[in-house]
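As recorded in TrEMBL:
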type: DOMAIN; residues: B:20-442; note: domain 'DUF112'
type: TRANSMEM; residues: B:20-39; note: transmembrane segment
type: TRANSMEM; residues: B:46-69; note: transmembrane segment
type: TRANSMEM; residues: B:107-135; note: transmembrane segment
type: TRANSMEM; residues: B:147-164; note: transmembrane segment
type: TRANSMEM; residues: B:170-188; note: transmembrane segment
type: TRANSMEM; residues: B:200-222; note: transmembrane segment
type: TRANSMEM; residues: B:326-346; note: transmembrane segment
type: TRANSMEM; residues: B:358-382; note: transmembrane segment
type: TRANSMEM; residues: B:394-427; note: transmembrane segment
type: TRANSMEM; residues: B:471-492; note: transmembrane segment
Amino acid sequence: MSGRATRERPPAEHATGEQPPAAQHRRGELVLAVTIGALGVYVLLTAGSIVVPGSTNTLGPRAFPYLVGALLAAIGVVLTVLVLRGGAGQAEEGEDVDPAVRTDWRTVVLLLAALVVHVFVINVIGWPPAAALLFASAAVVLGARPWWRAALIGLVLGLTIQAVFGGALGLSLPAGPLLEGVPFLRG
Amino acid sequence: MDDFQALMDGFATVMHPVFLLYALFGVFIGTAVGVLPGIGPAMTIALLLPLTYSLEPTAAIIVFAGIYYGGMYGGSTTSILLNTPGESASIVTALEGNKMARAGRGAAALATAAIGSFVAGTLATVALTFVAPFVARMAVQLGEPDYFALMVVAFITVGALLGSSVPRGLASLALGLFLGLVGTDTLTGQQRFTFGVPNLADGIDVVVVAVGLFAVGEALYVGSRMRHGPPEIIPVEKGWRSWMKRDDWRRSWKPWLRGAAVGFPVGTIPAGGADVATFLSYAAERRLAGKERRGQFGRGAIEGVAGPEAANNAAASGVLVPLLTLGLPTTATAAIILVAFQSYAIQPGPLLMVNEPALVWALVASLYVGNVMLLVLNLPLVGMWVRVLQIPRHYLYAGILLFGALGSFALNFSPVDVLLLVLVGLAGFMMRRYGYPVAPMVVGMILGPMAEDRLRRSLAISQGDLSYLVTSPFAVLAYAAIVVVLVLGVWLRRRERALEVSPAGVR
C-alpha cells in the first residue's frame, strides 16, 4: 500500500474530461457493450423454453422476455458500434472521485475480496465479528492508518449495530459462537 | 372540502409526539445522508427498508418522507461547501453557490438555499395537496391500456433522460427490465430465468439491486480513483447576522417563487426529475437578471442558488403526484418509495386515497412539518453538517459497504443475498466507469413487471387485438407525448451540457 503515497498524480485534465489510458478504457467499454448484447441473445434463445400452460389464450409468459431480449440485443449492437466508432462514455463524476487518477484495480479487487470473505464468514463467526472484519479491511484497503484503529472502530460499530438491531429491534442477526449468551445482543 | 378535513386529520396524526420524533429522525438521517457524498436518499431508504419492518406503516412512511426531503436539503450544503466538482445533479448549485462560498459569502448561499427550499417545498406541498386528489379522481377512469401507455412513457423518458447518453440510459433500463423478469411469472406461475436457483424463484429483491448499484457500486468506483488527502471544505463565517443581508432577501424571493413554479410541474411529468428543474430555473434566472447582474452569473450570483434550490425541492414534491395517484415512479428514489409502500402491502394508485386516506394525508402533513424541521435543522446546525463532511473518506466508504451488506443480509438472513449484492455492485462499478446511469435500471426493474401485467391484462380483455392498446384517446395522447418529451428533453440535455462545459457560454 506504500505505492499509493508515493505515486505521482498526472496533471489534472479537467478541461477535456478525458480518461488517461484511452485504449485500455475503450477495450473495457467494448466488453461491457458486447456483454449486454450477448445477454440479449441469451434471453431471446432461452425465452422459447419457458413453459406456456395450455390455459393461456393471448399473451403468455414468453412475450415480454422476447421484447426485453430484443431490446438488450439491439442496444448491445448500437453501443458496440458506438464504441468502435470512438464514442466513449463519460465516466461518472463525484465529490470524492479524482478524474485525473488512473484506475486502481488493486483497490477494487481487494474491496471485492473483503465483501466475499464477509459473505462466507457471517454464519461461521457470527455477524458482529464478520462486520468488524469487513469494515476494518475495507478501511485499510482505502487508506486508513493505523490498521488497529480501523479494527477498533469496526468492532465497536459491529457490536453497536448488533445491540441496536439485534437486541433492541429484534432483527435475528447471528451473534456467533464467541458472543453466544450475551443477553443484550440477542433479540 | 373533504380533502381539507382529511388533511387536518393527517396533521392530528403527525402532531402526535411519537410521530413527530419519527419525522425528526427521518429528516435528520436524510440531511446527514444528503450531506455525505456517495450515498443518496434512494439508497438510504432501500437500506432502512428491511430494518423498519417492525414499525407500523404510517411511522415508516413518515420516516421515508423525511429522508426524501432531508436529502434534498443536505445536498445543497455539500455542493456549496465542498471544494471539488460535484455530480451533475447538483452542478447548478455548485456553479454559483461554490463561487459565493469562495468569496466569503458561504453563509448567505446556505441560507438562501435553505429558506428557498423551505418556501418552495411548502408551496409545492400545498400544490400537491390540491392536485393529487384531483388527479386521483381522473385516474380512476383510466383503463389497462392507458396505464400501459403511461408506463411506456415513463420507460422511455427515464431511460433516455436520466444520464448523459441516450443508448447507455436505455441499456441500463433494459438490464433493469431483465432483472425484473427473474422469478416466478405472476399470471401463470412459471419460473423464468431462475437458473434453477431456489433463492431466485421469488425474484431478485429490489433492495439488493438498489443497494448494490448505489452503495457497493459507488464505493468500488470511488475506491478505484479516490481523491486522496482530507476533503477541502470552504470555511463559513459564524453568526446569524452573516446569513442574508437585506439586499440578499430582495434578490432571492422572486427566484424562490419562480423556482417553485418551474419545479413542481416538471416534477410531476416523467422528464428526468429534479435535475431538469434546477437547470430550467437557472437558465430562467440568468435570462431575467438585469444587465448589471448577468455579469455576476458564473461568479457567485445569489439568484443562481436561490432559484435552482427552490426548483429542486418543488420538483421533489411534484414527483409524489404521479407516484401516489398513478403508482408511477419517475425517479430512482420514487421507485424505492413505491417498493416501501408495497412492502407494507399498500399499492399506490388512484385508489390509494380512497383506501388509505389516513396514511396519505399523514404523509402530506408530514411533508409540511418536515419542511419546518429542516429549516430549523439546517440553518443553525450548519457547523455540525460541516463536521459530517469532514469524515475521513476511508471510514465513510467502509461504513457504506458495511451498511449495504447489513441491509441485504437482513432481508432473509441469508448470505446468498449478500453475494448477489456483491455481483450487482460489480455491475454498478462497471456502469459508472463507462458512463451508464444506474437509476433507469432500478426504475426498469420495478416498473417492468407492472407494465407486463398491464399489457397482458389489456390483451386478455381485447382477446389479443393489439389495436386495443391505442383505442382510448388518453393512450394515444400519451404515445404522442413521448415524442414531445423526448425532443424537448434531449434539447435541454444539450443545453445543460453546454452549461457545464462553459458557464459563461450559454445565453
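Glycine is no exception: its Cβ is also placed from the backbone N, Cα and C atoms.
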> When only pairs 6 or more apart in sequence are counted, do the transmembrane segment (B:471-492) and the transmembrane segment (B:20-39) reach 3 or more Cβ pairs under 8 Å?
Replying inline: no
> Looking at the transmembrane segment (B:46-69) and the transmembrane segment (B:358-382), are there 3+ C-beta pairs under 8 A, with each pair at least 6 apart in sequence?
Replying inline: yes
> Residues of the same chain, at least six outside the transmembrane segment (B:147-164), with any C-beta under 8 angstroms of its C-beta?
Replying inline: 88, 170, 172-174, 270-273, 275-276, 326, 328-332, 435-437, 439-440, 443-444, 447, 450-451, 454-455, 458, 469, 474-475, 478-479, 481-482, 485-486, 489-490, 493, 497
> Under a Cβ pair cut-off of under 8 Å, which of the recorded stretches B:107-135, B:170-188, B:326-346, B:358-382, B:394-427 contacts the transmembrane segment (B:200-222) most often?
Replying inline: B:394-427
>> Let me spell it out: take the transmembrane segment (B:326-346), skip the flanking residues so only those 6+ beyond its ends count, and list any with a Cβ under 8 Å from a Cβ in it.
In response: 40-42, 45-46, 49, 53, 57, 60-61, 64, 68, 71, 135, 139, 147, 150-151, 154, 157-158, 162, 206-207, 210, 214, 269-271, 273-274, 319-320, 352, 356, 359, 438-439, 442-443, 446-447, 450
>> Can you tell me which recorded stretch out of B:20-39, B:107-135, B:170-188, B:394-427 has the most Cβ pairs within less than 8 Å of the transmembrane segment (B:358-382)?
In response: B:107-135
>> With CB pairs under 8 Å as the measure, which of the listed stretches B:20-39, B:107-135, B:170-188 comes out on top against the transmembrane segment (B:394-427)?
In response: B:20-39
> Are there residues at least 6 beyond the ends of the transmembrane segment (B:107-135) whose Cβ is under 8 Å from a Cβ of it, and what are they?
Replying inline: 3, 7, 69, 72-73, 76-77, 80-81, 93, 96-97, 100-101, 236-237, 242-245, 248, 252-253, 255-257, 259-260, 263-264, 267-268, 300, 302, 305-307, 309-318, 320-322, 324-326, 353, 360, 364, 367-368, 371-372, 374-375, 378-379, 382
